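Trainee: Below you will find the structure I want to go over with you.
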Amino acid sequence: MWQLLSPTALLLLVSVPGTHAEDPPKSVVILDPPWDRLLEKDSVTLKCQGAYPPRDDSTEWRWNGTLISNKASSYSITDATVGNSGEYTCKTGLSAQSDPLRLEVYKGWLLLQAPRWVVQEGESIRLRCHTWKNITIQKVQYFQNGMGKKFSHQNFEYHIPNATLKDGGSYFCRGIIKNYDLSSEPVKVTVQGSKSPSPILSFFLPWHQIIFCLVMGFLFAVDTGLYFSVRKVLRSSKEDWRNGKVTWSRDPADKGG
């Protein structure tokens, strides 16, 4: 005996996971070396990480939204100029377009570099005092919020292995280049606190799941009520039929028959 699906069953069928295609993962732009702030004449290679179809590694590169003719999985910039600054994105054959990566090229003698300007508590901070064309620099010192930190007679990278909130702030480096005392522009380093979810809040479901459960409960109650009501009527009609209690009415026009 064929039966129509109830609203609850239809809702369950529509909400079954996997009944619709999920969005492909995003491609990712990686820098080599990992500095997103450069001086003129520097070189950098942008690499696109993502899934490719078999025998097809063509990549779509964009600079400030404009398509770049390069279709290789990597894009190299040599002898960088200020004009190379901007947002770069990439897209592979089986991955969605990446989030934009901002690259900045500056004119000057000295520049502070870091692979990341935003870190979580417990992660490492790595700072580099970079000179134009890697010219020798001496008596290098790093500063945080105007206060001198580490000092060396030779150039070096400043590492903070386990960052805390107090390690965030404005940083710059200073040194001697060809008898000139030079300083880089300050850059903000952000240390974000670890977010541990509250046990009470984590117990509750997301709002859309709560609404779904409420709707499901309402439809189930309606379906159950309709089911028992129809069943009662059908059972009563069946008993009347068996007991001969069914009354047939005649059309008034048939009185003379």
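Each Cβ is built from the backbone N, Cα and C atoms, and glycine gets one as well.
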Trainee: Name the cysteine that pairs with C173 in a disulphide bond per Swiss-Prot, restricting the answer to C90, C129.
Mentor: C129
Trainee: Based on what Swiss-Prot records, which one of C48, C213 is disulphide-bonded to C90?
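Mentor: Recorded disulfide partner of C90 in Swiss-Prot: C48.
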Trainee: Can you tell me whether DSSP puts N162 (N-linked glycosylation site) in helix, strand or coil?
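Mentor: N162 (N-linked glycosylation site) sits in coil per DSSP, no helix or strand.
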Trainee: Among all the protein chains here, how many other CB atoms are within 10 A of the CB of D181 (N-linked glycosylation site)?
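Mentor: Taking all protein chains shown, D181 (N-linked glycosylation site) has 9 Cβ neighbours within 10 Å.
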Trainee: Check N64 (N-linked glycosylation site) against DSSP and tell me helix, strand or coil, would you?
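Mentor: DSSP assigns N64 (N-linked glycosylation site) to coil.
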